[in-house]
Amino acid sequence: MVDEKVIVDEVETRDAYRVAYVIHFLLGAGSLIPWNALITAVDYFGYLYPDKHVEKTFTVAYMSCSVLVLVLMMTWNTRMSYRVRMNLGFSMFIIAMMISPLIDWVWKGEKGENVSYMLMVGSVVLCGLADGVVGGSLIGSAGKLPRQYMQAIFAGTASSGIIISLLRIATKASLPQTPQGMRTSAHSYFIVSSTILLCCFISCNVLHKLPVMQQHLKFHQPLHSTLTIWMVGRKIKWPASGMLIIYSVTLSIFPGFIAENLKSQLLQSWYPILLITVYNISDFVGKSLTALYLWQSIKSATWACIVRLLFYPLFSACLRGPKWLRTEVPVVVLTFMLGLTNGYLTSVLMIMAPKTVHASEAELAAIFMVVFLGLGLVCGSVIGWLWLI
C-alpha cells in the first residue's frame, strides 16, 4: 500500500535545555488558540446570535480560508522568509481575536445584530487566513527537523484546546450567569487569548536564532515547482489520504454536532463546553503518546483512519438510538475516543510522512500533509453543515 521505509533523522545540532522543543510546543499551541477560542465560546456566540448556526458557519469560513492559503503556499514559491510569515500570521491572529470584544463594546451585547455578525464572520475569515500562513510555515519548517519537533508542535496544538477550555470554564464559572456576566467573561477570555498569542509572536522571533533552526535554514532549498509537488504527493498519497479521512470524520462531528445536536437536561449550557473540554484533553493525550510510542507502520495507521468511520453510526445512535445510549456517559466516552484517535493518528502520520521522502523534499511533504489535513477539515465542516450524521 505504501513504502514504509523511513529515512533516519539527520544528526541534529544540540538543543540546549530543550528551548527549541518548548518554543515549537508553544507555537503549536498558539497556532490553534484562535480556532479553539472561537468554538469554545459557543455559549457566548449562541446568546448573541440565537438564529444563526454559529459553529457551522465559523467552521466553514475558517477552514476554507486556511486551506486556500495552504494551497497557495504549496504551489507558489513565496519569497517571504519563515520569520516574516510567522510574524504576519500571529499579527493577524491578534487583530482577529480583539475584534470580538471590540464589536461587543460598540453594540453593547445587542442580540441578533446583522452588522456585528458579519464583522464577526470577517474576523473568523482573518483567523483562517492567518492559520494557513502560520500552520503551513511552522509544520513545513518542522518537516526538515528531527521528529521530536513535529511531535512538539502537535502536542502544542492539542494543549491549546485544553488551555482554552479551562480558561472558558474559569471565566464562565467566576461570573454570574447573566447577559452582563457572560459578556464580561467573554471579554476576559479573548483578551487573555490575545496575550498568549503575543507571547507566541515574541517566541517565533527567538526561534530562528537558535542553533537547531540555523541548521535548518542552512540547508533550506525551495522546491515548489509543479513537477516536484506532484512527485512528492505520489510518494505520500496514503498518509495524505489518511489525514483527509481523519479530519473529515472529526470535523463533521466536532464541534457542530456535539455543540448543537446533543442536549443534556442535567448540564444544560455547560454540556457543550464540557464535551469540548473532554475532546481537547483526549486529543492532547493522543498527540502526546507518540513521544512514548510511535506507530512505525504508515499502512496500518492509514487503515486505522478508515476504521474511524465507525464513529458515524455510534454518534448517530447517541442521538436517535436506545434511551440508555442517549445519556451523558456514552457521549462522553465516544467524545474521548474521537479525540484520542484523532490526536494519535494525526501525530503518527505527520511525523512519519516527511521521513519517507528525501530530506530535501521533507518540507514540501509536510506542507502537502497539512493541505490534506485542511481539505479534511473543509470536507468535515461541510458534511457537518449538511447534517449528514
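Cβ atoms are placed via backbone N, Cα and C, with glycine included.
It is 266-286, from the ranges 266-286, 287-307, that Swiss-Prot records as transmembrane segment.
If one looks beyond the transmembrane segment (57-77) by at least 6 residues along the same chain, the residues whose Cβ comes under 8 Å of a Cβ in the stretch are 35, 38-39, 45, 121, 124-125, 127-129, 131-133, 135-137, 140, 222, 224-226, 229, 251, 255-256, 364, 367-368, 370-371, 374-375, 377-378, 381-382, 384-385.
Relative to the transmembrane segment (87-107), the listed stretch 187-207 leads the set 150-170, 187-207, 238-258 in CB pairs under 8 A. Across 187-207, 238-258, 266-286, 331-351, the stretch most heavily in contact with the transmembrane segment (367-387), judged by Cβ pairs under 8 Å, is 238-258. Touching of the transmembrane segment (266-286) and the transmembrane segment (150-170) is concluded from the presence of at least three CB pairs under 8 A, sequence neighbours closer than 6 excluded.
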